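Q: Next up is a structure, given as C-alpha cells.
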Amino acid sequence: MLALVTLLSFATRFHRLAEPPHICWDETHFGKMGSYYINRTFFFDVHPPLGKMLIGLAGYLSGYDGTFLFQKPGDKYEHHSYMGMRGFCAFLGSWLVPFAYLTVLDLSKSLSAALLTAALLTFDTGCLTLSQYILLDPILMFFIMAAMLSMVKYNSCANRPFSAPWWFWLSLTGVSLAGALGVKFVGLFIILQVGLNTIADLWYLFGDLSLSLVTVGKHLTARVLCLIVLPLALYTATFAVHFMVLSKSGPGDGFFSSAFQARLSGNNLHNASIPEHLAYGSVITVKNLRMAIGYLHSHRHLYPEGIGARQQQVTTYLHKDYNNLWIIKKHNTNSDPLDPSFPVEFVRHGDIIRLEHKETSRNLHSHYHEAPLTRKHYQVTGYGINGTGDSNDFWRIEVVNRKFGNRIKVLRSRIRLIHLVTGCVLGSSGKVLPKWGWEQLEVTCTPYLKETLNSIWNVEDHINPKLPNISLNVLQPSFPEILLESHMVMIRGNSGLKPKDNEFTSKPWHWPINYQGLRFSGINDTDFRVYLLGNPVVWWLNLLSIALYLLSGSIIAIAIQRGAQLPAEVAGLSQVLLRGGGQVLLGWTLHYFPFFLMGRVLYFHHYFPAMLFSSMLTGILWDTLLRLCAWGLASWPLARGIHVVGILSLLLGTTYSFYLFHPLAYGMVGPLAQDPQSPMAGLRWLDSWDF
C-alpha cells in the first residue's frame, strides 16, 4: 500500500512537469537565486539560504549553467535547462504524501485513516501546483513533514529507549528541524511543536519513579544533543557554506555593512588599503547602518518651492557615486588640513565638525524648517559657498557604545551626528522622495534622540594622503559577526515586506475556506493558465473536520474526565482521537494562528504547511467516527459495512473532485470559466476565484 501511495504521488507531481516552458510566479526569484549560487554572486533574501542552495545545486548537477536572467514571469526558458530544478522540487514535494501516510498510520494504527490522508494530499490541486515549480514551499514542507514523521517514530520507540532505531529517529528529527529552519523561518513552528512534545515527554519520564534520576538525566542529554546541538550545528553549517560559495560582489552588497562588503571580491572595499582612523581633511563616504538606506549624498539640485528652504538637496543613495563624497573639517577654521605644514589631527569622539560636500563645496546643514516628507523632523540641506556657511553647519560627532579610545575607526565605529544648534540627530526616514528628489531617500534631522539604526552611520571610503594605509583585511568581521548581521538583515527585511503593484495578497482568515487563489501563469484565453487553488472538496472537508474534531474531542474528554466507563473498543478509539488527533491539531494551530500576529505581507501559499496537518486530522477523525458508528450500530446486520462504505465514499469523492479541478494545476488554454466551452465551466463556485 505504501508503494502504491508513493507511486501515485510521484506520478501526479511529475505529470506535465515541463509545462509551461516559461517562468511562473516566484520562479523569477528562486530560479535567479539558484543562478547566483552557480555564479557565486552575493545576493540578499529574507529567507535562510538552504532552500536556494539546494535549488542551485540541483540546477548545477542537471546541466544548468546559471546564465538565464529570470527577469519576469512569462519569459520563455528556451534552450536553458530548467527541468533539473523543477524536478528536484517535485521530487521533494512527492514525498509529502508517503510521509503523511506513515505519520497517520503510526498515530492511528489504521490503514484506512492513512489511506484517506494520502488521498486528500495526492488529489489536492494546491499541493500539486506548489510542488511542480522552482519554489521554496515543497522544500520547506518536505522538512516539516520529515520532522513530524521522525518525532512520531521516536515516540513509538519509547519502550526501547537508547536503542538504535530510537537514536536514528531522534537524530533524524534534529536534522529535519535544521532543514526546515534553514529554508524559511516558518520552520520555527515545527521546532515549537517538537519542543512542546519533548517537554511533555520529559515531564512524564520525570514522574516515572521506576526510573533513576541518572536515567532521566541521560534522556535529557540525548534530547539536548539531538534536538538542540545537532540542529544548531547543521543550521550554522548551511550559513558557512552560503558565505563560502557566495564570494563575489553582487546585488546584495548594499544591504550589508561596509565591513561585511570588504569580504566580497569585486567590491571596491575588497583588499583595499585605507587609513584606519579619521582625521581632519579626509575625504569620506558615510553609510547608514539600516538596511537598504545607503550613503549620505547630495547633488546640485535644490529643494522645490514650498518644500522648506530652497537650498541644495541632501538624500541617501544606495549606489556608489562621486556625490557621496564629503570632506571632514573643523567647525571654526577654513585652513586646509592637508597642508604639509600642519600636523595630522585626528577626529575624536565629541568633536564639533563640519562636513563639506566635495563636488559642490556646500556644507551639511539643518535648521527649523520641516523635512519634506516626515512631519516634526527638520530639513537637511547643503548650504554655503566654498565651505563658508553659518553655525547651522556644525555637528557633534559621537561614537555609539564607545568602549576604548577617542579616535574614530573606519568601517568599525558606529557614529551619530548631532546638530549643534537644534540638538537633532542626522538620520534617514527611508521614505522615497518624489521625482524632484530623483526617487532617492529622504534625509532628516530628528529631534527625538531615541537611538535607532536610521540615525547611526559608519565611515566607509576614506582618503587622506597624510595618513598611512592599513589593509581592510584586518577589519573584516569574524564568522559569528557576519552570521549575526545576516540574521538582523533578514529579520528586518522580512518584517518590512510590502506588496508589489497588482499583486494578490490575502488575509489569514481567507486561507482555510479557500477564499481566493493565486495566479501562477497566464491571464487571457490564449495563455497557458495555471491557478493555485486548493481542491475545494478537500479543503472544505478539512474545515468541517476541524469543527467536528473540536466538538467530538471535547465530548470524549469531558466524559473521560467525569469518570465514564467506556467499553474497551470505544476507549481505544477515543485515545487515538485525543492523542493522535491532538498532535496534528497542535501542528495545524502552530502553523496557522501565528500569521494573524504578523505585520508583513501575506500570501495564500503560507497556509499550505498548516493544510498538511488539517488533512492528517481529517484522515484520523473520519476513520475514528466511522468506526464508532459501526460499533454503535453493531446490532444492525450491515453495521460492519458503514466504515468501509464511508471511507470508500470519501476516497471516491476526493478522486472525482480532482478529476474536475485538475486543469487548475496542470494548466488550461482556451475560454475562461464563465464560457460554457471552458474546461472549468460551472466550477467557479466562488466569485473570488479568478480563473
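Backbone N, Cα and C atoms are what each Cβ position is placed from, and that goes for glycine too.
Marked as domain 'MIR' by TrEMBL: 275-331, 344-400, 405-462. For 83-104, 135-154, 166-192, 199-216, 222-246, 537-560, 580-603, 610-634, 640-661, the entry in TrEMBL reads transmembrane segment.
Would you situate these features in the structure and describe their surroundings?
A: Confidence annotation: the domain 'MIR' (344-400) carries a mean pLDDT of 90 in the model.
Listed by sequence, the residues of this chain that lie at least six past the ends of the transmembrane segment (83-104) yet keep a Cβ under 8 A from its Cβ atoms are 2, 5-6, 8-10, 13-14, 17-18, 31, 34, 54-55, 58-59, 61-64, 110, 113-115, 117-118, 121-122, 127, 130-135, 138-139, 141-142, 145-146, 148-149, 152, 580, 584, 612, 615-616, 619-620.
Within the chain carrying the transmembrane segment (166-192), a Cβ under 8 angstroms from the stretch's Cβ atoms is held by residues 47-51, 136, 139-140, 142-144, 146-148, 150-151, 153-154, 157-158, 160, 222-223, 226-228, 230-235, 238, 490, 494, 587, 590-591, 594, 606, 609, all 6 or more beyond its ends.
Beyond the ends of the transmembrane segment (610-634), by six or more residues, the same chain brings 96, 100, 103-104, 107-108, 110, 112-118, 120-121, 124, 126-127, 141, 144-145, 511-512, 534, 538-539, 541-543, 545-546, 548-549, 552, 567, 569-570, 573, 576-577, 580-581, 584-585, 587-588, 591-592, 640, 642-643, 646-647, 650 to within a C-beta distance below 8 angstroms of the stretch.
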Q: Sort out the residues at least 6 away from either end of the transmembrane segment (640-661), same chain, that have Cβ-Cβ distances under 8 Å to it, and list them.
A: 112, 115-116, 119-120, 122-125, 533, 535-538, 541, 622-623, 626-627, 629-630, 633, 680, 683
Q: Under a Cβ pair cut-off of under 8 Å, which of the recorded stretches 135-154, 222-246, 580-603 contacts the transmembrane segment (537-560) most often?
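A: When the Cβ pairs under 8 Å are tallied, 580-603 comes out ahead.
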Q: Please list, for the domain 'MIR' (275-331), how many residues fall into helix, strand and coil according to DSSP.
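A: Looking at the domain 'MIR' (275-331) with DSSP, the answer is 3 helix, 28 strand, 26 coil.
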Q: With DSSP helix as H/G/I and strand as E/B, how many residues of the domain 'MIR' (405-462) fall in helix, strand and coil?
A: 6 helix, 27 strand, 25 coil
Q: Which bits of the chain, at least 6 residues beyond where the transmembrane segment (580-603) starts or stops, bring a Cβ under 8 A of a Cβ in it?
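A: Residues 103-104, 107-108, 144, 148, 152, 186, 189-190, 192-193, 196-197, 494-499, 504-508, 511-512, 518, 546, 549, 553, 609-610, 612-614, 616-617, 620-621, 624 contact the transmembrane segment (580-603) from elsewhere in the chain.
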